[in-house]
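Have a look at the structure below, then the notes.
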Amino acid sequence: TAWTFLKAMQKCSKKREARGSREAPETNFPDTTEESAQQICCTRDSSDSKSVPRSERNKKGIQCQGEGSSRGSQPGQFVGVTYNLEKRPTTIVLINDTPLNVLLDTGADTSVLTTAHYNRLKYRGRKYQGTGIIGVGGNVETFSTPVTIKKKGRHIKTRMLVADIPVTILGRDILQDLGAKLVLAQLSKEIKFRKIELKEGTMGPKIPQWPLTKEKLEGAKEIVQRLLSEGKISEASDNNPYNSPIFVIKKRSGKWRLLQDLRELNKTVQVGTEISRGLPHPGGLIKCKHMTVLDIGDAYFTIPLDPEFRPYTAFTIPSINHQEPDKRYVWNCLPQGFVLSPYIYQKTLQEILQPFRERYPEVQLYQYMDDLFVGSNGSKKQHKELIIELRAILLEEGFETPDDKLQEVPPYSWLGYQLCPENWKVQKMQLDMVKNPTLNDVQKLMGNITWMSSGVPGLTVKHIAATTKGCLELNQKVIWTEEAQKELEENNEKIKNAQGLQYYNPEEEMLCEVEITKNYEATYVIKQSQGILWAGKKIMKANKGWSTVKNLMLLLQHVATESITRVGKCPTFKVPFTKEQVMWEMQKGWYYSWLPEIVYTHQVVHDDWRMKLVEEPTSGITIYTDGGKQNGEGIAAYVTSNGRTKQKRLGPVTHQVAERMAIQMALEDTRDKQVNIVTDSYYCWKNITEGLGLEGPQSPWWPIIQNIREKEIVYFAWVPGHKGICGNQLADEAAKIKEEIMLAYQGTQIKEKRDEDAGFDLCVPYDIMIPVSDTKIIPTDVKIQVPPNSFGWVTGKSSMAKQGLLINGGIIDEGYTGEIQVICTNIGKSNIKLIEGQKFAQLIILQHHSNSRQPWDENKISQRGDKGFGSTGVFWVENIQEAQDEHENWHTSPKILARNYKIPLTVAKQITQECPHCTKQGSGPAGCVMRSPNHWQADCTHLDNKIILTFVESNSGYIHATLLSKENALCTSLAILEWARLFSPKSLHTDNGTNFVAEPVVNLLKFLKIAHTTGIPYHPESQGIVERANRTLKEKIQSHRDNTQTLEAALQLALITCNKGRESMGGQTPWEVFITNQAQVIHEKLLLQQAQSSKKFCFYKIPGEHDWKGPTRVLWKGDGAVVVNDEGKGIIAVPLTRTKLLIKPN
């Protein structure tokens, strides 16, 4: 080891002592304060410094840092050198402009110059009285002399002792002024590395390094030099092909920080189970007398990385203008940003702390990442000894706990909370909102409120959350409402007045009090006798159609799980509803497998009306309700069992609103206390019996709820709309009586007249010129439904008759539903010009009694059809059975049924709603994705423990799927070959699954010339097409499982249903769209070949000649030139700029 122990006896003056112990300026130190290293600065003040035993110095090594950087360990170097103390740490410095080889001795308080070196100085100063120093050979006489020391651009003037000793020593006084520091390398040799493996079929990242600016490059080199000297990185081997790019950012302190983009490496690593599933909560801490919070410094850089895995972490330091070859390094310790660094660190620290936990089971020791909490109930001295022992255990393994982050007095900052011996709080935070907030700003605000709600009871976010509706982009501006601002101010007031919360007492029971706010948010507090332990909130899912009791029962399960997680015990619940309501919810056979202990209050929530609903018919009156909508007008009606009928015109409402209003009318008009309501609206029946949630007076369902409250019992039943039920048919007819009183029409070219005028005006669809004696048929987009016992008459207008325009429109009977065409003849003496929008004819409705017509039925197609006068149609009723059979076999969609069997869409939808499998369908995820012919998406899904690989063409929605025996590269490659054989794909988009990014699959797609993309390059929902296809395919498979013996057979039947039994673009099936696209591609190729193969001729001019030649046949045409056979020069190429192409001459 180095000779470093000359004990200097300080007898010099206080002035010299002060001069020798002064701290070097902070700006003169190299930037070694990054998170990647822990450094110990040497000072002369022995009271503030800690001695480092020789044994530890032998392990850790010494590093001196100043300005500049270099590599190696020759005596001429000084900065960025690591000494392992196998030989003396020496360097060359200029003393009085004389180069001298000196020993660096951090154990010496004072620097000493040898007599020989003193005699070699180019110039020497005066001699002053020195002090005696005690060395190995006894007391040594000295004198002092002023010197000037230069090293790496640093100049210092001081005094040195001169003595007859073997070697010149630079002690701590001069080393400190030169900017040297003692750095203890923290890569622990005591900790065993953990094995890291790559996923099967993957390889390490090979991403090139992007350029860095000169300023960032200098910062990176400085950091890398320090990491290299500390042993945290090493030079990469010459045969290492891997690389992940680095970038450098400047911190607020102005110092650089080096980061590495390890995202591609993280994708290839085999990741285990997460062992840290959440943050510890102060409400679960047991109250203790003494607390201490510690922070572990540079935790990742203490743990060694698996040597076999280190090559995959390689990175590159480039140079400006390629001045020198790039320098490449690999990590020896856990790098920041690596997916397994948190797991390995926490697991390693857990094993280190386990003996301490077993030795002191009564001590609360919480470990989360690099934050430690220690709580005990012993004496203050005993607690301090525990902390010393714990820090020693960590230090022995290489983990340091810096003094500046050691919290021994309250309040303690821990994981965003403020701890005191008697209570705890959320760290104070003022909730603010910018003037024009974006979606990102509001989301951050909501996150802060949610975080603080556990420590500040009563915080709400309903109105703030409402401002984000309809916003998709993070930078999209939101409309900040007055309600949201008021809610924010109320939350700030609650935060300002918040009191400290208590710690858990294991000797007492806990009580959870649940309340519902005016904003329909459920808030709760967990209490003991000493006060509130923690609080929380949950927005009730009213929009999900869940009842209040169902919401609160879910909340109880959530709170019970949260409480068991934090303290290992479930509280007793005090809830704002009655026991009867809970029992009613339980009787519905819902999902509750466990019910906590509940204390019921007298408060009754809004959905007490549900107690009036029964499962069996009552002895009271039965009312059949129905609602409909056509031509923008809604009709609500009902028929009672005693023959009473009522209809009501609702105006422009939806069909569902009409159904709901019919039920409301029936309940309002019935005075009976026991009522049976029968509806054909599955939507209304499902909502009333199960779906309605927290409904207030502003809800459209509130009148129905209020009327149910006034009854004793109410029975609701649902029947399909076309099952031949007498009462339902009567209600259906009643809903049409009001509708048929007036003319029903569609179109934009029909205008209503004044109240005192008869009929309607018809308008010209576009500008038309009618010559003299010419007859034209003018089409319109007007369709009408003539009332019963009436007919329509198209005739002219007096204003047009003056100009000589004769209208021969004709009679429209009540069976015709096609578009109206008007026959016009110019009998005048000049041409007549009709302008778009001009009123040129009129339609008058007249009654007649010559024909006996049946009442209007919206579910009937005209006998004439829609092709004009004289055409005939067919009734669709006889096709219902065939459509039902079709749907039972193939689960065809409503639009395809309506198109194939010529039945109304409403009837087709009713057939679909009756199917128990198809009623479960919902809408898939929405979003903009890349769609084009022959662009496919692929994904693997699982059903019945089997793997299904799904391909879906993004343009048509055509699905191809196959079963895989294993989800690996080989099986995926075989499936891709089969897919490529059947189709002609140009591109494929998948996720980052191991089977899709495996090297064999990537190479196969390259060989097939299929462009392959992964991840989310186009949109965060770029997998939306195939995910939606997977869900649809699974639903169709389940629909066919009853009729098949194997999953393979059900899969093939489901593919037929998905591709040929549901609508896609423009009402066509995916199969029809796909075939049409392929035919179009083939047609375009044939046209291109035909165009290229056709004979072309041209005139041409040879460069250097003035006369045009030709015409002659073009032998070949390229993008920039043509090839012709010139009479004089033979076959030559002529630029297109000197040619004139033409068709074959006669």
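Positions of Cβ are set from backbone N, Cα and C atoms, glycine also.
Broken down with DSSP, the DNA-binding region (1096-1144) shows 3 helix, 30 strand, 16 coil. The DNA-binding region feature in Swiss-Prot is assigned to 1096-1144.
Residues or ranges marked as active site by Swiss-Prot on the basis of sequence analysis: Asp105. Taking the Cβ of Asp105 (active site) as centre and 10 Å as the limit, one finds 26 other Cβ atoms among all the protein chains shown.
The Cβ of Cys915 (Zn(2+) binding site) has 16 neighbouring Cβ atoms from other residues within 10 Å, across all protein chains displayed. Look at Cys915 (Zn(2+) binding site): DSSP puts it in coil. Under the heading Zn(2+) binding site, Swiss-Prot lists His887, His891, Cys915, Cys918.
In terms of DSSP helix, strand and coil, the domain 'Peptidase A2' (100-174) has 9 helix, 38 strand, 28 coil. According to Swiss-Prot, the domain 'Peptidase A2' annotation covers 100-174, on the basis of sequence analysis.
For 230-419, the entry in Swiss-Prot reads domain 'Reverse transcriptase', with the evidence type sequence analysis.
The feature domain 'RNase H type-1' is assigned by Swiss-Prot to 617-740.
Mean pLDDT of the predicted structure over the domain 'Integrase catalytic' (921-1078): 83. Under the heading domain 'Integrase catalytic', Swiss-Prot lists 921-1078, citing sequence analysis as support.
Per Swiss-Prot, the feature region 'Disordered' maps to 13-77.
When the alpha carbons of His887 (Zn(2+) binding site) and Asp105 (active site) are compared, the span between them is 92 angstrom. Cα separation, Cys915 (Zn(2+) binding site) to Asp105 (active site), rounded: 89 Å.
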